[in-house]
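This report refers to the structure that appears directly beneath it.
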Amino acid sequence: MAVKEDDPVTGKQTTGHDWNGIKELDTPVPRVVIFFLIVTALFSTVYWILMPAWPLGVTYTRGLLGIDQQTSVENALIRGAIQREDWEREIATLPYDEIEARPELMQIVKESGNTLFGDNCAACHGLDGSGRVGYPDLTSGRWLWGGDPETVEETLRVGINSSHPEGRFAQMPAFGDGMLDRTEIAAVVSYIRSNAEGIDDLGELDAQGVEDGYELYAMNCAACHGEDARGNRELGAPDLLDAHWLYGSDRTDLFQTISNGRAGHMPQWEDRLSLVQRRILALYVGSLSPAERLEALDVE
Amino acid sequence: MIAQLTRNERHNALIILGVVGLAGAALGLAGRNDLLGYHGLLIVLFSAMVALPVIRALDAPEPTLDREDEYYDDPIRVGVILTMIWAVFGMFVGVWVAALLAWPELTFTDQAWASFGRLRPAHTTGVIFGFGGNALIATSFHVLQRTSRARLAGQVTPWFVLIGYNLFCLLAVTGYFLGITQSKEYAEPEWYADLWLVIVWVTYFVLYLRTLARRKEPHIYVANWYFLAFIVVVAILHIVNGLAVPISWGSAKSYTIYSGVQDAMTQWWYGHNAVAFFLTAGFLGMLYYYLPKRAERPIFSYRLSIISFWGITFMYMWAGSHHLHYTALPHWVQTLGMTFSVMLLVPSWASAGNALLTLNGAWHKVRDDATLRFMMIAAVFYGITTFEGSFLAIRAVNSLSHYTDWTIGHVHAGALGWVAMITFGSIYTFVPSLWGRERMYSNTLVEVHFWCALIGTLIYVFAMWNSGIIQGLMWRTYNDSGTLTYSFLESLVAMHPYYIARTLGGLLFFIGAVVGTYNIYMTIRGTTAPRAAAGDVPVGRPLAPGE
Ligand code: HEM
């Protein structure tokens, strides 16, 4: 027979069992435990009565409130669509200058453009749009194809070197493949470096063959990059004399660009983003580079 | 160790190892053009490595006849050592993946094995199955014998269970690095490893039952119910969720027999009950033995232990669908998962309360003794985590927390605060007596370990709570115009400081585990105390009159 003992600390009796020195008190289940068991069971029962809950063969109890997650989500989507309906129609149809003249629409462009840009573009162009090697800086005010909303909208729609049948095509040919030899490429590099803005690490090499470089440039490159090397937006050929570089401006970078060629890949968004979203982004991208907007105003 | 086995048993052990080795060779041959080939080879090498000491000691003197009068502690000792090795490995990888989340550029090679996706399951399997599983096997053998006053029912079987289980863990973790996975969370190992685990686990179950049947105590102590529930339910979960068809006998790849939402439901019925029966029931078994033992206090309420046990066992089974709120899973299944999760709070808190109230009359010991403090804090974290769990299971709350770091915070409040702390407390309680030492090599180091673990856990959990709630809010904030306010990237940027904090908290926890391992190592190396401080009632002591 088990011997029950009194526990001096609690004043309770043990059950009399002993497992390697471990004993148990015979304390009754505290009232609060029973209380909360009942409360949670009641809560559950009420919840089961109100909501879809128990299976009944091929169907289930639907609940008095008639709530169902599928209809809830469909309704939420409809409510959201209604909330966006008016301004979405305006952004989709109004000309860009009219949208820009409407502060309340531009506020929406700013807010949702920021999110759209973060979710779709920032992985390549950076969260603030300033780009990195191979991915253009969209805040510099210097453009390959152009920074006005219409042009950006088209760039977004079809992409660059993308899978879109109407895609923009921009290929810097590989002149190292038999068109120019190493000395000739080095000479063109010298020509570019000694004329470009903002290059402050000019060395001895850069002084060699600048004249030849100019000749070679005029023959091989001007067709795309322009006589003055200021680029050509028709072809997406960058300005070679400004201080902004897609692939870098030191001698090795330039040598590689000219010798091996370049073709950046910008995805097409026609299949991924709606027209409204692309138009928001077109305006948003424009707003990243205030310089371009000012320039455009000056011209007029 | 081998000296405890008779010559016959040594032969049996070799036969088993031979069969396993041959099965490995067969797998290796069948899968020689597949990743499976590596695992076949691994099994052969593993069997050979285990066979080596047995062959060496084949002719060593046989044990004396009265070994039946002693508890069988050799497998437990090895189990404790394996527990600590897996702890260090698993937590090291944990710190590594935590650092990768804060600084992805730390991925130091473009080799696939070093990528986050392969390291992460190596962490989860390393800590849950390697560390947690070995701790459960070791402590269950210890508790079972002491509370039954019987030696384990088998001489080779306990070794088979322990070593076989570790072979499973090894196959799992090496598999991830190789790129072998079923892609089911916590059930990643492929079909052959799964089959092997079934054999090991059923053996474990039979061993447990046979030992219980030999017990000399009239009643079964509650810790054993928990261990039994752990063993039985994990077997069921593992078998049902693991049903899969290999694409051929020579391929590591298999496909699960479930598809679509049925697959998701089976997986999370498994996943949640793995938390319930692996990471909760088994560790409650530890709590119910080592806490009263260390505190030298009777369990607060026998009746409370009973209703908690049945409450937990019954209600957990329904709760899995709370992992699939707002998904293709029918609404009614979600309702059931949510409501049973809410009711589950009561038996969970009853267990935590029972543990804390047991400490009445021993609080001065909690203050002075870091080992007991480990177990006290574990009970507190058990309470916090189960409250949080029931809260997160409510659909409306889940719509904020799901897919965020809040889940990771919740997991680690449980994993670090509850699972790891109760394990360390238990191990510190029985390591000295297991090796016949008077006490741990250094109590100061236990204290150091305790504070590293506690501070590490708090930093980790608070960082993830913050980060998770911020994430959840950022993802659901709308502008007046009805578009989302934040991009996903902005939420990542907001997470960065918390990911750094988590890495530091985890590092602290890991350092604690290393200190603990060193302390245990030094204790084992120390000298035997003249009178082993076990204080265990010997096996088969005749019942005293009146018992
Ligand atoms: C050194 C301490 C530890 C560190 C630094 C750590 C770190 C991590 C990290 C970084 C993740 C991935 C989180 C994510 O993907 O966002 C993770 C996941 C996980 N860890 Fe740990 N961990 C530690 C200890 C533990 C322990 C001791 C356990 C269990 C006994 C554990 C169980 C888990 C589980 C279950 C997950 C998966 C959670 C989920 O998928 O929701 N961890 N851990």
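Cβ atoms are placed via backbone N, Cα and C, with glycine included.
Features as listed in TrEMBL:
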BINDING   A:Cys121, A:Cys124, A:His125, A:Met266  heme c 1 binding site
BINDING   A:Met172, A:Cys221, A:Cys224, A:His225  heme c 2 binding site
DOMAIN    A:108-196  domain 'Cytochrome c'
DOMAIN    A:208-289  domain 'Cytochrome c'
TRANSMEM  A:32-50  transmembrane segment
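The structure, with features from TrEMBL marked on it.
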residue  : record                : Cβ contacts under 8 Å, 6 or more apart
A:Cys121 : heme c 1 binding site : A:Gly129, A:Leu281
A:Cys124 : heme c 1 binding site : A:Gly131, A:Tyr135, A:Met266
A:His125 : heme c 1 binding site : A:Phe117, A:Gly131, A:Tyr135, A:Pro136, A:Asp137, A:Leu138
A:Met172 : heme c 2 binding site : A:Ala237, A:Thr257, A:Ile258, A:Gly261, A:Arg262, A:Ala263
A:Cys221 : heme c 2 binding site : A:Val188, A:Ala229, A:Leu240
A:Cys224 : heme c 2 binding site : A:Asn232, A:Leu235, A:Ala237
A:His225 : heme c 2 binding site : A:Gly231, A:Asn232, A:Ala237, A:Pro238, A:Asp239, A:Leu240
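In sequence order, A:Pro173, A:Asn220, A:Ala222, A:Ala223, A:Leu235, A:Ala237, A:Leu240 are the same-chain residues whose CB sits within 8 A of the CB centroid of A:Met172, A:Cys221, A:Cys224, A:His225, the residues recorded for heme c 2 being left out. According to its DSSP assignment, A:His225 (heme c 2 binding site) is helical. A Cβ within 8 Å of the Cβ centre of A:Cys121, A:Cys124, A:His125, A:Met266, the residues given for heme c 1, is found for these other residues of the same chain: A:Asn120, A:Ala122, A:Ala123, A:Gly131, A:Tyr135, A:Pro136, A:Leu138, A:Pro267. Confidence for the domain 'Cytochrome c' (A:208-289), expressed as mean pLDDT, is 94. Farthest C-alpha pair in the heme c 2-binding residues A:Met172, A:Cys221, A:Cys224, A:His225: 10 Å apart. Mapped onto three states, the DSSP output places A:Cys121 (heme c 1 binding site) in coil. Residues in the domain 'Cytochrome c' (A:108-196) partition by DSSP class (helix H, G, I; strand E, B; coil) as 41 helix, 5 strand, 43 coil. Counting Cβ atoms from all protein chains shown, A:Met266 (heme c 1 binding site) has 23 others lying within 10 Å of its own Cβ. Secondary structure at A:Met266 (heme c 1 binding site), as computed by DSSP, is strand.
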